[in-house]
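Have a look at the structure below before the remarks.
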Amino acid sequence: MFFSRLVSVMAEGGLNVSVFKYPLGFIRVIQFVFLVIALAAANSWHADVTYVCVDPTTNTTKSPIQAKTTTFSMASHQLETCDGGKSTFWTDGAGGAAGFFYFTAVVTLIFVLIVTFSYVVLWQIYSNDKRIPLADLAVTALLFVFWFFCTSIWWSAANGIGGQTSEEHVKAIIAGAPEKWGSFVGVSANNGMLTISVLSGWVLVATLALNSWFIWKEVVPRSESAPTQIA
């Protein structure tokens, strides 16, 4: 039944692209953009630690070691040591917070694409079946709650990563085990990307809250309206 209606609507070619001129559709575009930014920013993060080891047999300085990490599970990530082995450098990480953030972002991205498709291609079905706007409202409100908590947690985790990769902290780690890490040369971490991902998260919190209000105020009581009448 549903698929026959879907084929019928798509065959008619009634694409309601005008929905993007109004809050209901336009806000989904904003969400899509900031979801991509949040994921891209988090994926772009990395930290580089450079240190120099001394050969104990010849008492000469070896070539500097530049160890790079791109994982947020820093407590389990191992770097090359002066004896040629590998060992854990950091004692803390944000793997759980990052996982929650990524999960929420991916689920939201999939939902936004599906619901946008419904607005543009399946508006007749969306507007004539009261259950679909109510489901849209329920999922949007649930995602608002998820984003509020995951962004709060990710904000705290991002600050922790900034502290872990700060020059003072890295110097202290190396100075505490010179036989393992030698002497400090430098550290570079693009923590600004984490700030961008956090800010994108708060934008998504705000847009999902607004989105829930738009659906409740405009769509649910007026499901028979055309998209161009929803403002």
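Even glycines carry a Cβ here, placed using N, Cα and C.
Remember, TrEMBL labels are computer predictions, not curated facts.
The following features are taken from TrEMBL:
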DOMAIN    19-220  domain 'MARVEL'
TRANSMEM  20-42  transmembrane segment
TRANSMEM  100-122  transmembrane segment
TRANSMEM  134-155  transmembrane segment
TRANSMEM  193-216  transmembrane segment
Query raised in the report: For the domain 'MARVEL' (19-220), what is the mean per-residue pLDDT, to the nearest integer?
Result: 90
Report summary line: Contact set of the transmembrane segment (193-216) with the rest of its chain, CB cutoff 8 A exclusive, min separation 6+ beyond the ends, reads 23-24, 27-28, 30-31, 34-35, 37-39, 41-42, 44-45, 101, 108, 133, 136-137, 140-141, 143-144, 147-148, 150-151, 154-155, 158, 161-162, 230
